[in-house]
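What follows is a single structure, written as structure tokens, with notes after it.
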Amino acid sequence: MTQIKHERSTQDLVRAAVSGWLGTALEFMDFQLYSLGAALVFHEIFFPEQSAAMALILAMGTYGAGYIARIIGAFVFGKMGDRIGRKKVLFITITMMGICTTLIGVLPTYAQIGIFAPVLLVTLRIIQGLGAGAEISGAGTMLAEYAPKGKRGIISSLVAMGTNCGTLSATAIWAVMFFALEREQLIAWGWRIPFLASVVVMIFAIWLRMNLKESPVFEKVSEGEKSPALAPASENTLGAMFTSKSFWLATGLRFGQAGNSGLIQTFLAGYLVQTLLFNKSIPTDALMISSVIGFITIPLLGWLSDKYGRRLPYIILNISAIILAWPMLSIVVDKTYSPSVIMAALIVIHNFAVLGLFALENITMAEIFGSRNRFTRMAISKEAGGLVAVGFGPVLAGIFCNMTDSWLPILIMLVIYSCIGLISALLMPEVRDRDLSLPEDAAEATATEKLRHSATQTS
């Protein structure tokens, strides 16, 4: 009877998949709308009295403010998700994000209210970040706990597809804005349209979340924890999390992918336009095309991870990013190449260093963490890596590029990020098709099993 209660129909799985995909699409559309806005126009709208280089750094700083809030949201909503359920928390997070994005579209500018304009912008970014800090981890947790063994990788890749859809939508909207409007129109009112348009996606996503059933794994584990055999309270503390090998491995995987994402999708776009004076259509069109190609890259990597495991694709992609960094970036920043060649190089490095890794991230983290703290630890490891790599990475890149008058800091940072991701992948245990109802994290469970095996052999 209990088993039947926890089963979910194909319709339930489809609803969970669409909900996870759409919610993540909204999150990344929100953040890509802002990141491209920060890189391409916000320096004139909210920081008009600064030099071009300093305005770009300040705009990236407001982008980073959202990532500081994300880690707080990851902790607060992650704990709630492990305690009261995935569904309720996912409803809260998507509502927060959607409302804040819409409000950015009606903000007064610096010319209208002075310093209060960037203050309001940062405030909305912080509130938006609180919700976003748990959104993708919650969606990844929910979908992994719905998906059957043997298909978790490709089904969970829908969450990454959502990020791709969001990035594509935001990039396409900005590309249309730059194509259809004159510069003066874009600065005067056109920049508001992308943020206001997101309200349509928000309404549909909220409706889906309201009609979603709770994760079957969460229900099963919650019933089990009502029995006397409860885990010690110490296992649910921050101290226990920070001493978990699985937590640091997951954070390293995230650090590698998120750092590359911040450099390529956020900073490099602004650097090409503001510093190297490239046409704005080059980075926006390249990222849009790359996102379209990602509709093949992402499910392919998800399928390969179901076939060959999570570790091997991670290792290959990080090594490829390290090898490709110099030749691809040297082409991207060189005006002697044609725009099509520059765009092709940007597309290649984006797919290897960002999209491919992200296809693996959600299912790997869901499987590496145990059922007691999956939402919390997945959210915090994602946002801890994102805070350092994405929140501060573009700002540091702007400072170092300005100091050295060179693009080499971008190259060095990308290689460092990829090396961290590679080392984490080499050290992690294989977690493909792990039982998601197990309470222990994977690395700790593996160590315990080795000790038991050693003790058995000794006796």
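Placement of Cβ uses the backbone N, Cα and C atoms for every residue, glycine included.
Any TrEMBL annotation is an automated prediction that lacks curation.
According to TrEMBL, the protein carries these features:
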- 16-432: domain 'Major facilitator superfamily (MFS) profile' (DOMAIN)
- 21-42: transmembrane segment (TRANSMEM)
- 54-77: transmembrane segment (TRANSMEM)
- 89-107: transmembrane segment (TRANSMEM)
- 154-180: transmembrane segment (TRANSMEM)
- 186-208: transmembrane segment (TRANSMEM)
- 286-305: transmembrane segment (TRANSMEM)
- 312-329: transmembrane segment (TRANSMEM)
- 341-363: transmembrane segment (TRANSMEM)
- 384-400: transmembrane segment (TRANSMEM)
- 406-428: transmembrane segment (TRANSMEM)
I'd like to know if the transmembrane segment (406-428) touches the transmembrane segment (154-180) in this structure, counting it as a touch only when three or more C-beta pairs sit under 8 Å and are separated by 6 or more positions.
no
For the transmembrane segment (21-42), sequence-distant contacts whose Cβ falls under 8 Å of one of its Cβ atoms, 6 or more beyond its ends:
56, 59-60, 62-63, 66, 90, 93-94, 97-98, 100-101, 104, 121, 125, 128, 132, 135-136, 139, 158-167, 169-171, 173-174, 178, 186-187, 191, 194-195, 198, 201-202, 204-205, 208-209, 265-267, 269-270, 273-274, 280, 284
Taking the transmembrane segment (406-428) as reference, which of 89-107, 286-305, 312-329, 341-363 has the most Cβ pairs under 8 angstroms?
312-329
Paired segments the transmembrane segment (186-208) and the transmembrane segment (286-305) in contact, 3+ CB pairs under 8 A:
no
Below 8 Å between Cβ atoms, which of the listed ranges 89-107, 286-305, 341-363, 384-400 makes the most pairs with the transmembrane segment (312-329)?
341-363
